[in-house]
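The structure is given below, and queries will be raised subsequently.
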Amino acid sequence: MNLGVIGAGSWGTALAQILSVNFENVFIWDIDKEVLDSVKNSNINVKYHPDIKLNTNIKPIYDLQELINISDILIVVIPTQYIRQTLSKVKIENKPVISASKGIEIESLKLVSDIMEESLGIDRKYIFALSGPSFAKEVIKGLPTAVVLAGNTEIGNKLLSYLNTKTFRVYLSDDLVGAEVGGAIKNVIAIAAGISDGLGFGSNARASLITRGLYEISKIVKIYGGNPQTVYGLSGLGDLVLTATGELSRNRTFGMLIGQGYSVEEALKKVGQVVEGYTTVKAVYDIKNKYNIELPISYQVYRVLYENLNPKDAAMELMNRGYKFEFMEENK
């Protein structure tokens, strides 16, 4: 069996390395040819994991269509806003395609699974999402990690033996939508938690943001037709807790920099990698307006990042909203 990984960034490379023990070959493709060259010449992804020697069965492929043709299972690990334009250029027969990307397409408000279905023209039963609390730098070092594979359970059950390793445990779920929404929106809430930390608001505020943020995620899961209970699993609560508290979280780090007074441009530059929550919050803002639902935390993050609202003022607006029950009727 051959695995094809589309996107050789930090997460794509980590998945290629940890799963290489289960495949004869792991082929990787990336738009950045320098990354592929470094893997080809030294078995090291110098840009993202310069301290990790990759297994020798990980092989760079410079033509995306070739990688698709010679792979039995595909994992897509590229920024959400570039998935459609990348996959629309290739053809694929029905084979499992797993999204490890997290986000919502800004223009269409569609999830990654919908983008892949439209771009690739394959049966939806072959489309999956891999999501959960999983920092790439820990996964690639073989530190214990548990995630969830969401999609068609009949096909998914057959994939588990190829995705599980001694240190990488994969559970199965039939809620593709719920897993995708959780993985996408948690980045926005993590930015909020980071802003709070950057302002020095402490542990109480962070815990409150995470908890109320989870409620916002459940609202969006329901709107997209997923199971709200999914938010209490690895792809929801698990991923949110990690991303909102972990020192390796790009979204939390970005938020902290904003809270400390850096401009958006300065913060993005200092992080140095894709901050998915920065673009996802634009989609969440549109979802809020389209469906007329209250998403107060996400809304304040949007205002801070795109309307130059002072982070302290945003926090005060959250704290001084009208009195409410903890859990309101749906979509209120």
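Quick reminder: no glycine exception, Cβ is built from N, Cα and C everywhere.
As the structure is a computational prediction, the values presented were derived from the model and not from experiment.
Below are the features listed in Swiss-Prot for this protein:
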- Ser10, Trp11, Lys102, Ala136, Arg250, Val274, Glu276: NADPH binding site (BINDING)
- Lys102, Gly132, Ser134, Lys186, Asp239, Ser249, Arg250, Asn251: sn-glycerol 3-phosphate binding site (BINDING)
- Lys186: active site, proton acceptor (ACT_SITE)
Just name the winner among Lys102, Lys186, Arg250 (the binding-site residues) by count of other CB atoms within 10 A of its CB.
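Neighbour-count leader: Lys186.
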Far apart in sequence but close in space: which same-chain residues, 6 or more away, have a Cβ under 8 Å from Glu276 (NADPH binding site)?
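When sequence neighbours closer than 6 are ignored, Glu276 (NADPH binding site) has Pro79, Thr80, Lys102, Gly103, Ala184, Asn187, Asn251 within Cβ distance under 8 Å.
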Calculate the distance in Å between the alpha carbons (Cα) of Asp239 (sn-glycerol 3-phosphate binding site) and Trp11 (NADPH binding site), and round it to a whole number.
14
Far apart in sequence but close in space: which same-chain residues, 6 or more away, have a Cβ under 8 Å from Ser10 (NADPH binding site)?
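The answer is Tyr48, His49, Ala136, Lys137, Gln273.
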Between Val274 (NADPH binding site) and Ser249 (sn-glycerol 3-phosphate binding site), what is the CA-CA distance rounded to a whole number of Å?
11
Distance check, please: Cα of Trp11 (NADPH binding site) against Cα of Gly132 (sn-glycerol 3-phosphate binding site), rounded to an integer number of angstrom.
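Cα of Trp11 (NADPH binding site) to Cα of Gly132 (sn-glycerol 3-phosphate binding site) measures 12 Å after rounding.
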Within 10 angstroms of the C-beta of Asp239 (sn-glycerol 3-phosphate binding site), what count of other C-beta atoms is obtained when all protein chains are considered?
28
Given Gly132 (sn-glycerol 3-phosphate binding site) and Arg250 (NADPH binding site), what distance in Å do their CA atoms have, once rounded to a whole number?
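Counting only the Cα atoms, the answer is 15 Å.
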